[in-house]
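Heads up, the thing below is written out as structure tokens.
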Amino acid sequence: MSSSSLARSPKAALATYLLLLVNCLSPMAAIVIAPSLPQMQAHFADVPHVEFLVPVALTIPGLLVALLSPLVGVLADRFGRKRLLIWAIVGYGVLGTLPMFLQSLHAIIASRVALGCVEAVIVTVSTMLIGDYYSGAQRQKYLALQTTFASTSAILFFMIGGALGELGWRVPYVVYSLPLLLALFCQLLLWEPLPAELARAEEESRGGPQVFRPYLLLGICLITFVGAVAFMVLQIQMAYLLAGIGEHSPRSAGLIASACSVMIVLGTLSVHLLVRLGLRTPHCLTLAFGLIAASFLLIPGVHDSRGMLEVALVNGLGCGLLLPTLAIWNMRELPWFRRGLGTGMWYGSYCLGMFLSPILVVALSRASGALPVTVGWLGWALVPVVLAAFVACLCRYKRKRCIVRVVARNLEDA
């Protein structure tokens, strides 16, 4: 059976939702252990620079994804997708559980580095396969659902991480063994797309071959990097912000982060509605960055857990609008023969922002003297991004008015 026939078969639906689940391994890599970071830091309190090393242990897989995703994309373009993905999932399940048994913080970081290598394969190839299996509106639908699935799973990961963290900071690592089951289903349900059929499907959906525009890809990656830094601020720092107002329970951090994730899900689901209402990429980016900036600016004035919850809800909605908007924008601009490279670069920029986010926050906090003040500074730093997106909205509106005038003039002359 050909790839195009498989894409229309009942097996395709199962394969697609399996890929959506596989992509959830990316948020799992960081989120499930986030509520237990203060306990982990206290356990390794005698290690020099522990205040840097513990957050780095959380996010260093993102650095490896940032460094390796473009290379993974090129390799997958050349050698295929399915086998690479299955072996990466197996490696994820084995490497993810190692910190349960390691006694050194540096050894734990080394295991997280290895985890990041296989995570780079998982997130890049699973997204490529969605782009391979579908085109046009269906591709946009499933890319948006990819973010929805990841955000929904984050709710579960936060709650599980918070609950297991009450039993000890090592216990949440047991969750990383679950993906081993996914590898078996990937072997049974996924198929390798054929390059000739990818080219034909691209031409049918777009009316001809698409031109690769590298400078546009770089621009999208830069915006994605900024968005990733902003996205991870409250995801990582929530437990520390709560501790600063006297709330030290990992369960509380997990519950508030889960509420934030609910809003992220609502935000991802809202993107399709906004597009149907006529809003395009600049409009969605204005709303997304605007909400995130507003949540950051409110943090310095929050003095109780209820206020922190309200800010987290605003932040979650903005983050939910941001991710699918950027993912759909990027995939829409990629021709099939550069899909691996473009997807890898996009995930690379996103994960680089995730990795640098806590380092940037810690460095700025030493200058500001307080974490809430630092978050407020980051809110002001996002204001120019919001204004730039708003200007793009105005330019798009003026361009549409000019087109309407030209059409109307031609109709009058006809």
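The backbone N, Cα and C atoms fix where each Cβ goes, and this holds for glycine too.
Automatic, uncurated: that is what TrEMBL annotation is.
Per TrEMBL, the features are:
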- 12-32: transmembrane segment (TRANSMEM)
- 15-401: domain 'Major facilitator superfamily (MFS) profile' (DOMAIN)
- 52-72: transmembrane segment (TRANSMEM)
- 84-102: transmembrane segment (TRANSMEM)
- 108-130: transmembrane segment (TRANSMEM)
- 142-161: transmembrane segment (TRANSMEM)
- 173-194: transmembrane segment (TRANSMEM)
- 215-243: transmembrane segment (TRANSMEM)
- 255-275: transmembrane segment (TRANSMEM)
- 284-302: transmembrane segment (TRANSMEM)
- 308-329: transmembrane segment (TRANSMEM)
- 341-365: transmembrane segment (TRANSMEM)
- 377-395: transmembrane segment (TRANSMEM)
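When each of 52-72, 84-102, 173-194, 284-302 is checked for Cβ pairs under 8 Å to the transmembrane segment (108-130), 52-72 comes out on top. 12-32 is the stretch from 12-32, 52-72, 142-161, 308-329, 341-365 with the greatest number of Cβ pairs below 8 Å to the transmembrane segment (84-102). Outside the transmembrane segment (255-275), and at least 6 residues removed from its termini, the chain residues within Cβ reach (under 8 Å) are 31, 34-35, 141, 144, 147-148, 151-152, 154-155, 158-159, 162, 234-235, 238, 242, 283-284, 287-288, 305, 308-309, 312-325, 328.
No contact links the transmembrane segment (52-72) to the transmembrane segment (142-161), because fewer than 3 Cβ pairs that are 6 or more residues apart lie under 8 A.
Using a Cβ-Cβ cut-off under 8 Å and counting only residues 6 or more beyond its ends in the same chain, the transmembrane segment (12-32) has close neighbours at 6, 58-59, 61-62, 65, 85, 89, 92, 96, 115-116, 119, 122-123, 126-127, 129-130, 133-134, 142, 145-146, 149-151, 153-154, 157-158, 160-161, 172, 175-176, 179, 182, 185-186, 189-191, 232, 235-236, 257, 354. Cβ atoms under 8 Å from those of the transmembrane segment (308-329) belong to residues 127, 140, 143-144, 146-148, 150-151, 220, 223-224, 227, 230-231, 234, 238, 241-242, 245, 256-257, 259-271, 274, 281, 284-285, 287-292, 294-296, 298-299, 302, 346, 350 of the same chain, restricted to positions at least 6 beyond its ends. Counted over residue pairs separated by six or more positions, the transmembrane segment (341-365) shares fewer than 3 Cβ pairs under 8 angstroms with the transmembrane segment (173-194), which leaves the two as not touching.
Distant neighbours of the transmembrane segment (142-161): 16, 19-21, 23-24, 26-28, 31-36, 127, 130-131, 134, 172, 175, 250, 254-255, 257-258, 261-262, 264-265, 267-269, 271-272, 320, 323-324, 327-328, 331; these residues of the same chain sit at least 6 beyond its ends, with a Cβ under 8 Å from one of its Cβ atoms. Among residues of the same chain six or more beyond the transmembrane segment (173-194), those with a C-beta under 8 A of the stretch's C-beta atoms are 2-3, 6, 11, 14-15, 18-19, 21-22, 25, 28, 32-33, 80-82, 85-86, 89-90, 92-100, 115, 129, 132-133, 157, 160-161, 164.
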